[in-house]
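The structure appears right after this line, and notes come after that.
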């Protein structure tokens, strides 16, 4: 899977693996140096390859490292790769002989059930459900709002050929699905998934050198934040699952982009956020500043999270429908937003992204969270020099890979593998 995603990314950019100066490979459920094993299929070029594990934010954490390597002048071109093969069922540890790193977060959430109501079910959905319980107690709302969010994502997924589920469940079907926790049903939860994603990050000079002005999307600002004191010492189940962490990260990103406190959100048109459970999507709306803190349920009721509303949130179908392969998820989110900003997203395309006085159009926003914890928020936009037209990634792949899913071939691999140091011995013949 890693080879396939990396091959598509290199084909899209029109470069070979020889141009990659460093790589970061993200995964959670795999042995050490799995990144090397995946990328050695493309060449043995002595570049630094660093393996990244940051729970559900692993993919975006890998992208953060690639972005920083380019941003601060270490390299001109870096690759961020993420992949995952997961066991069926709820998430668990691979190391049962020692305490889980997230055990303290789980304990804190469960302790707060004395105040916010008893719950049950596997640890992850139970913790996020507790966050929704706190929100509903403070500001009103209930299960119907969670069902509306989940149904919206499942309906979006019908247009995504990469999506794990394309059933388009209605609100009633979501509510009627088997209960997982006190409030969450099966269709409000992301499934365990297998998948991979990759992004090429390059400097502006590299973009001009390779004539990629017709498809390069700029990372305007991106941050990674971890937990604050309130996660463990406060009394908020929302903070335990990353509310304050996400808010802090988003505020930093918009500040870096040149906006004042609370500003800039009205210039966002499309969002991919971390809906591991419908409960998290609900509390993330205000955390990112998409609505006031007490208006998330009204935001849902108005349809401001879908086509025809203020934003299109998770046009891919989100984690609940398209799947959640931990190491790949964050990179997949950036892929979907990048394709939206190129205008290539086909039936998933958010309307009005380019109907602005500014020729760069609106921004795309990404939010990816992992308990334990880490949040990555990125703000993307077309650069000043963006100029559509001419041969692009679709030409090189032979189809629009933004909204068409096709496997790569060994011929594809041959096009992008290192021309200086490749090894046929490592390549998988089963492609």
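Every residue, even glycine, has its Cβ placed from backbone N, Cα and C.
Copied over from TrEMBL, here are the features:
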type	residues	note
DOMAIN	2-94	domain 'Thiolase N-terminal'
DOMAIN	239-352	domain 'Thiolase C-terminal'
The domain 'Thiolase C-terminal' (239-352), counted residue by residue under DSSP: helix, strand, coil
61 helix, 8 strand, 45 coil
Its residues classified by DSSP, the domain 'Thiolase N-terminal' (2-94) shows 35 helix, 19 strand, 39 coil
Can you work out the mean pLDDT of the predicted model over the domain 'Thiolase N-terminal' (2-94)?
96
